[in-house]
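Asks: Submitted below is the structure of interest, expressed as structure tokens.
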Amino acid sequence: MIRTMMNAKIHRARVTESNLNYVGSITIDSDILEAVDILPNEKVAIVNNNNGARFETYVIAGERGSGKICLNGAASRLVEVGDVVIIMTYAQLNEEEIQNHAPKVAVMNEDNVIIEMIHEKENTIVL
């Protein structure tokens, strides 16, 4: 059986920009992407903690060290600058792969700096 499991999470990032007139996507600081192994053009699910919106888009790599989290195109209507978001990817794994799967989670501070990396083996509560 193949199951869809969380693979990576950027937890509690803050939206730094919103650009309605861009073609679409989310731009994320390349350093953050590398820390959690998210690739440019990869599909991501986004949850806005401020208004409850949930949506999907794809990733564009942003400038390293910028802390940039910019929602582009139609997705920009679902956020405001300063909103706290959770950005996730998923992987389809078989039962054997699941046994050794440890998602990478980057916990962010208010400046979009990683303050903790969690390599989840089991369910972990992050406040």
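Cβ from N, Cα, C; glycine included.
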Asks: Could you look at THR57, THR89 and say which one Swiss-Prot places alongside GLY73, ALA74, ALA75 in the substrate site?
Replies: THR57
Asks: Across all chains shown, how many C-beta atoms besides its own are within 10 angstroms of the C-beta of TYR58 (active site, proton donor)?
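Replies: Taking every protein chain into account, the count is 13.
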Asks: What same-chain residues, at least 6 away in sequence, bring their CB to under 8 Å of the CB of SER25 (active site, schiff-base intermediate with substrate)?
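Replies: Sequence-distant Cβ neighbours: THR57, TYR58, VAL59, ILE60, ASN72, GLY73, ALA75.
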Asks: Quiz question: given the binding-site residues THR57, GLY73, ALA74, ALA75, which has the greatest number of C-beta atoms lying within 10 angstroms of its own C-beta?
Replies: ALA75
Asks: Name them in sequence order: residues not among THR57, GLY73, ALA74, ALA75 whose Cβ is within 8 Å of the mean position of the Cβ atoms defining the substrate site.
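Replies: My list of surrounding residues reads GLY24, SER25, ILE26, PHE55, LEU71, ASN72, SER76, ARG77, LEU78.
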Asks: Which secondary structure state does DSSP assign to THR57 (substrate binding site), in the simple three-class scheme?
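Replies: Note: THR57 (substrate binding site) is in a strand by DSSP.
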